[in-house]
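Here's what TrEMBL has on this protein:
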| type | residues | note |
| --- | --- | --- |
| DOMAIN | 37-90 | domain 'Acetyl-coenzyme A synthetase N-terminal' |
| DOMAIN | 99-482 | domain 'AMP-dependent synthetase/ligase' |
| BINDING | R200, R201, G202, N203, T318 | CoA binding site |
| BINDING | G394, E395, P396, D418, T419, W420, W421, Q422, T423, D507, R522, R533 | ATP binding site |
| DOMAIN | 538-616 | domain 'AMP-binding enzyme C-terminal' |
| BINDING | V544, H546, V549 | Mg(2+) binding site |
| MOD_RES | K616 | N6-acetyllysine |
Amino acid sequence: MNTFAGGSIESVLVEKRVFPPPVEFAKSARISSMEEYRTLWNRAKDDPQGFWNDMASHLVWRKPWDKVMEWTEPHVKWYVGGQLNASENCVDRHCVGPRRNKAALIWEGEPGDRRVLRYQDLKREVGRFANVLKAQGVTKGDVVAIYMPMVPELVIAMLACARIGAPHTVVFGGFSGEALAGRIQDCSAKVLVTADGGFRRGNIIHLKEQVDEALAHCPTIRNVVVLKRTGHQIHMEPGRDHWWHEMASIASADCPPEPLDSEHPLFILYTSGSTGTPKGILHTTGGYLVGTTLTASWVFDLKEEDTYFCTADCGWITGHSYLVYGPLSNGATVVMYEGAPDYPDKDRFWQIVQDYGVTIFYTAPTAIRAFMKWGEQYARKHDLSSLRLLGTVGEPINPEAWVWYREVIGGGRCPVVDTWWQTETGAIMIAPLPGATPTKPGTATLPLPGVVPEVVTKSGEPVEPNQGGYLVIKQPWPSMMRTIHGDDERYRRQYWSEIPGVYFTGDGARRDHDGNFWIMGRVDDVLNVAGHRLSTMEIESALVHHKAVAEAAVVGKPDELRGQAITAFVTLKSGYQPSEDLRQQLRQHVAHEIGALARPDDLRFTDALPKTRSGKIMRRLLRDVAAGVESTGDTSTLEDFSVLARLRHEEE
Ligand code: ATP
Ligand code: MG
């Protein structure tokens, strides 16, 4: 290991396994060779305007644009003067010709109820709900908040908003009334779409109760539309609350899509809150849809006959871009599931894959680590032979989890696409093209065409291969965020000021000699041990490599002598018990895998790690636990407060 100046991060992880695309897969893939990929990428880099001009032809436009891009750092406009409608692109255009009878959404509720909406059905329901929204006084530009369980009406509501030009803000159905109120207040939503409740692990989630609490503090909300999902008794506020089914029964299904300017706001979405207070990320119509449409087709290699299952909730960007807009714009069949992955048992996803013949499966590392912890017998119970492609997003995936995913779920035959992107980027930025890119466990590999990332020092100098640094993007791209809603100053400061002239992602990365990008986690999480800057992710991956470990989170604890000491929080796989002996073994294991410098000074066993509702480890809270101080930061997106309380208690 070398030490180097300029704020670079040292890399200690060595991964040599390489998996080229399966020959059969590559034969029929949309992009089927590295040569094809490089040609596209180079063209996009050398002539971004020409490239993105051509790529926009994958959408239906009402009016062509006058100018492809206008860039006044840090603000960008794409397809200036053009007009289109996102719901028309996701629905109406598939309703002419044979696709009109194709399943757009295959939905399964947690209790086992099932529904299929063909493209024609989706068009009718979206049109009808767009008319309901109009009847509630929603006009172009009004923000509509959506707080629902994962039911088809959530997708219908999003597309209905898009149809009439009302930006939506989807708030995850697991959030509290307080978190909901904060988001509604921040974006001044006028109407709220919700449900009486939803099902989770066999229980009812009482959404409407949370709504009633939230709305005491949200004067901008005039009307609430309530879907009956669970059927339990709820309060309906006269004059404010209206049943979805009653409104829909008197609304016409015919609502022509409104032609909207390319830069018309499509949605505001709050980030996961892993690193601080969630930010209201604003995305607009044309560029976002071009980005999500293309990347869904490239990275998931979507074909007419695919059945695509994305396990993300629509409350996160993955649900927006790769459950709704990207796949539907491509005319794909999307599988949507309402509930928990372990209800009624830990094989629920595999039952769904088998029952619907899912071909493409997209999930998060946190889920994969849970599957590993539960054991492979759950997957083995089902026929998963329909699968042809696997994807992951949300956190760096530990190489052991990657290999497990490929072998146990993918039967060793499916390419794995590790997709790096952010709420802010709107669409996938760095990922393998499954028919072209050789993959290695733990790297998101190469940038997609039109994406020009680099790894640099704090002052913007490129670093040498295999040295860690700050991940930045050097050229604007169509699906990038336009601003933080209501806080353009924070937009400038956070993304465009840290490192001169480029978009700063907030993530650390290194690039290997083949050009692959290895995401090393958040820059804020980087450890500083005796002058060495180490990535938490690499130490965690070394721990997860041990057969007893299910999950690990590593943070720094202030240390007078060395700056920081390394504290590791570890959860064990079923069948293993915490012991002093295992603790020493694991510390030794890290030293052996990556060097004595990375050996955790302190290693603590725990049942669970604090995570965001989107499943990301919240290291900032663990830092406080390690240091023995109270957390003062935003905890509104914490999944389970009891985890934090237990960790603190274990301290005492
Ligand atoms: P906040 O910005 O509020 O702290 P967040 O960054 O977790 O929350 P998201 O936009 O949902 O909110 O997540 C984007 C981040 O997730 C990325 O910046 C990166 O740190 C991480 N991430 C996503 N996909 C990957 C991946 N494939 N590999 C590594 N990290 C990933
Ligand atoms: Mg972020």
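Glycine is no exception: its Cβ is also placed from the backbone N, Cα and C atoms.
When Cα-Cα distances from T419 (ATP binding site) are compared across the recorded positions R200, R201, K616, the shortest belongs to K616.
For the recorded positions R200, T318, K616, a Cα to Cα distance of within 10 angstroms from G394 (ATP binding site) holds for T318, K616. Between the alpha carbons (Cα) of P396 (ATP binding site) and N203 (CoA binding site) lies a span of roughly 32 Å. Each of the binding-site residues G202, G394, P396 was scored by the other Cβ atoms within 10 Å of its Cβ; the lowest score goes to G202. Per-class residue totals from DSSP over the domain 'AMP-binding enzyme C-terminal' (538-616), listed helix then strand then coil: 25 helix, 27 strand, 27 coil. Those same-chain residues not listed among V544, H546, V549 yet with C-beta within 8 angstroms of the centroid of the Mg(2+) site C-beta atoms are E400, A542, L543, H545, K547, A548, A550, A552, V570, L586, H589. Distances between the Cα of V549 (Mg(2+) binding site) and those of the recorded positions R201, G202, T423, R522, K616 are shortest for K616. Only P396, T423, in sequence order, out of the binding-site residues P396, T423, H546 have a CB under 6 Å from ligand 1. Per Cα geometry, K616 is the residue among the recorded positions W421, V544, H546, K616 nearest to R200 (CoA binding site).
Comparing Cα positions, N203 (CoA binding site) lies closest to T423 out of the binding-site residues W421, T423, R522, V544, H546. Working note on the binding-site residues N203, T419: by count of other C-beta atoms within 10 Å of each C-beta, T419 ranks first.
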